[in-house]
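Copied from TrEMBL, the annotated features are:
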REGION    1-39  region 'Disordered'
COMPBIAS  1-17  compositional bias 'Polar residues'
COMPBIAS  30-39  compositional bias 'Polar residues'
DOMAIN    34-104  domain 'Amino acid permease N-terminal'
REGION    76-115  region 'Disordered'
TRANSMEM  117-138  transmembrane segment
DOMAIN    122-627  domain 'Amino acid permease/ SLC12A'
TRANSMEM  150-176  transmembrane segment
TRANSMEM  196-220  transmembrane segment
TRANSMEM  241-260  transmembrane segment
TRANSMEM  266-287  transmembrane segment
TRANSMEM  321-343  transmembrane segment
TRANSMEM  355-374  transmembrane segment
TRANSMEM  433-457  transmembrane segment
TRANSMEM  487-506  transmembrane segment
TRANSMEM  512-533  transmembrane segment
TRANSMEM  567-586  transmembrane segment
DOMAIN    636-783  domain 'SLC12A transporter C-terminal'
DOMAIN    804-1013  domain 'SLC12A transporter C-terminal'
Amino acid sequence: MNLTTARSPFSVSSLSNGDDRKFSLGGCSSYDTDSVASRSSGVFSGYDTLDTPPSYDFYTNTEIFGRAKKSRPSLFQLHSNPQDDPSPPPLYEESSVDKQSPDEDEPTEPPPEPARFGWAQGVLIRCMLNIWGVILYLRLPWITAQAGIGLTWIIILVSSSITGITGLSTSAIATNGKVKGGGTYFLISRSLGPELGGSIGLIFAFANAVAVAMHTVGFAETVQVLMQESDVSMVDKLNDIRIIGVITVTCLLAISMAGMEWESKAQVLFFFVIMVSFASYIVGTIIPATPQKQAKGFFSYRADIFAANFVPGWRGPEGSFFGMFSIFFPSATGILAGANISGDLKDPNIAIPRGTMLAIFWTTVSYLIISATIGSCVLRDASGDINDTVSSLSGECLGVGCNYGWNFTDCMTNKTCPYGLSNYYQSMSLVSAFAPLISAGIFGATLSSALACLVSAPKVFQCLCKDKLYPGIGFFGKGYGKNNEPLRSYLLAYIIAICFILIAELNTIAPIISNFFLCSYALINFSCFHASITNSPGWRPTFRFYSKWLSLLGAVVSVIIMFLLTWWAALIAIGIVIFLLGYVLYKKPDVNWGSSMQASSYSMALSQCVGLNHVEDHIKNYRPQCLVLSGPPCMRPSLVDFISTFTKNQSLMICANVMPTGGPSPGAVDSAKISTHLKWLDKRRIKSFYHTVVADDLRVGVQMLLQSTGLGRMKPNVLVMGFKKNWRKAQPSNIENYIGILHDAFDLQYGLCVLRMKEGLDISRTMQAHVNLGFEISTEQALDTRSSTATTSPTIDTSLDPEELMATSQPTTAFQTRQGKKTIDVYWLSDDGGLTLLVPYLLTRKKRWGRCKVRLFVGGEAQQVDEQKQELKALISRFRLGFQDIQVLPDINGKPQSEHIKRFEDLIAPYRVSSVQKDGQEVDETTKDFSWMVSDEEMETFRAKSLRQIRLNEVIQDYSRDAALIIVTMPVGRRGACPSSLYMAWLEIVSRDLRPPVLLVRGNQENVLTMYCQ
């Protein structure tokens, strides 16, 4: 068997030296033959190829400017022999892009290189700046006063643990292959698939846009306080913050749109300012406090202050552990700032793990130090009045300040103290050696975090837009300049940020984004866990310091914290994820990223299939699992639609095609592509597998299918075929093969269904595409020219290639519409185990056939009609099929009309031979090998059975002219005794001249229905 005919045509590029050597294939376009790695000697033919050593070019999708991309020789080039196959199909080439020769116009200079950043500037500094945000300067002292130093450390460590675990998971995912732009969305979508990736991409981009508002409001608060101290005001406190915030975010937008290089330079400047402000703060904690600072609650390091501030001092509506946690946690969410610009990093696989983990470590240390130091130096409450000393006041003195000569009792009692950790957000400025440096640090931290988020949101959203998972967002994905900057996405993030800046309340904005970030972290951790647990060979991260169980813990803890923080916001976030997930599942975008969900589906399917090996078959669980000899499914849509009606979501369906060996045209080979036909089935919403085999003839191919199709217990038990309508015009060998397939199916204990429609099933003539020779007449003979009305198809553009033809052709069939209040007439004339009854029952469970009434006809004797009818009703009721209309036909065994007998004899006449005794000594040499011919003796032997088929057709004509479907028990011809032409004539005469579709059914004589519950 020559399997090379099943190869598909592919283009082949020229050699890197520009020498184009091609061969043509029978009118097809020319193909390059030298598709192996570059050589310098000799002219090679399409077969004269050499194995090549491993090369980077063979595995990459990108090309290096100025150097032709090498390609691996195909198996066809290495394996095939030109003497055995003088007309080879085109050679395989991995690259589908036509290469230009050096003589053609090509750019002489490489395209401009976009800015690329290393791990320090691109990830470490960016992450640290984003983590050191507004919370560090403006809320960490206040959180320390509320929760105490001890619980504040717990809040910091819990937050850092979550972000640390997420950082490990991010590092593992980021090092499992080349990372492109899109950051968090790219990592999750390529790991978990578009369903979860798309939803979290939208949420994460939105959360970053809101985070811009949070950091900008923090900056505006600081500026407003400085203005207040100088007795300057534009409108009032709230509106001043709004005005400053809008102006600030507009300036940040200008920096962002100027390009990544300017944005990166600004980040380095902000980092330097923050480090200077930290140094100023640490020095300030050591310098002895002045009376002015003492009046505001600062006394440098004191053990009793540390002890007083170590325990919680809850105040206000937010005064709780989770209230403080919800406000602090957004400050730890900057760990993905580096990953979010993955497309702008030199080596994301190294930069993301190293920069992210170091940023988490150093920022955690800084948070712990600042919390402990400021809690050891500053009181919770202070009046700021330099006259509030113990000597100047009489009466009771409250608080630790009394130990140092200060009495803040009045303001503490009245809760009017303007200073102290609990009241003064600018406490770090109070402690600092030079207060303006803290203000500069606040400016640097808030602006850098806002700038990082303003860059992250558009970058993530741009990648999401380019994947086209959701409608209406592609407009924002367009990039500009050498860095492919998403300017439209910048403007969208800017508008969202302004909307939240108008809230102008930091404590209100922070909890809003906490749940969105936690949801993102939960999915990142789950992505790492899921990719690890599926044991996919493609999961090979170079970052080894992760644990799948730690990732699972991080995912679970993130979800729990979401509900503990704000349960309603958690429900909203999860609801949005589920809604977006459902949308993508419904739309089924045409993407294939090799996600862990795909690996998990395979693992679960494999496990379930193996598990079925230990489950014994039971009649109650019997399902008709159909092997449909459809050829290319688009060629026989009626057959495919009908079988799908009762197998969809219920049992196995496999469409099978036998490709004959004999050098089919390239278009015919192309039409055998599995992916093409699966797309056709998916577009038609038919849940079926597709399988192709290459064989010398149809029968051999079907034998291969009958014996090998399926997996374990998931294998077919019913063979479905179309009726060979043109059998009288076909070669006798084709009839022999067709009937032989029926015998092969019975030999292998298959049930059998043959569908016949008046207009035929095959529409290949209409589509002017490849016809499977095993099903239709030979190419020398004309096809049946009778018009087809069962299937209607639009005008087909035959200029399209076969793949486009398959994708565009979706003909309408009678089985796609509701059948209404018609009847399904079942002629159960021979007991086959119940398959003849099960098929109509399954049909009536579907909406299209649900209103049809099943009428059951059985043969009987005139004297016992009532008794037989009652007996059959009892049997049907025990089967619980719900068939009420049962009719006994006493005249089924009567003699048919003479003209119908004459018509049958005329039908079989061309296949008759006289005076032939196949088992005797007198055998005509010309008929010895023609087993399809019918002798007089065989006609007489099978006369009663032939008359029964003729009479059955008469009965069906009388009772079932207006039925929606006729189901008839198929007669069985004994193999080796009944000539194939006679058997074919039986099938023809039973189903002849019937307007409704006719389904001939025969079970394998084993029960498929039971009246018992066990």
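Note that the numbers count up from 1, one per residue, in the order the chain is shown.
Here the Cβ of each residue, glycine as well, is placed from N, Cα and C on the backbone.
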Is the transmembrane segment (487-506) packed against any residues at least 6 beyond its ends, judged by a Cβ distance under 8 Å, and which are they?
134, 138-139, 205-206, 208-210, 212-214, 216-218, 220-221, 238-239, 241-242, 245-246, 249-250, 253, 256-257, 454, 457-459, 461-462, 465, 475-478, 480, 512
Rank 266-287, 321-343, 433-457 by Cβ pairs under 8 Å to the transmembrane segment (512-533) and hand me the top one.
321-343
Does the transmembrane segment (567-586) make contact with the transmembrane segment (196-220) through 3 or more Cβ pairs under 8 Å, each pair 6 or more apart in sequence?
yes
Which residues, given as numbers and ranges, are at least 6 beyond the ends of the transmembrane segment (321-343) yet have a Cβ under 8 Å from it?
117, 122-124, 126-136, 139-140, 143, 146-147, 151-152, 155-156, 158-160, 162-163, 166-167, 170, 174, 179-184, 186-187, 208, 211, 214, 260, 351-352, 355-356, 359-360, 363, 367, 449, 452-453, 455-456, 459-460, 463, 484, 507, 510-511, 513-514, 517-518, 520, 561, 564-566
Do we see three or more Cβ pairs under 8 Å linking the transmembrane segment (433-457) and the transmembrane segment (196-220), pairs being at least 6 apart in sequence?
yes
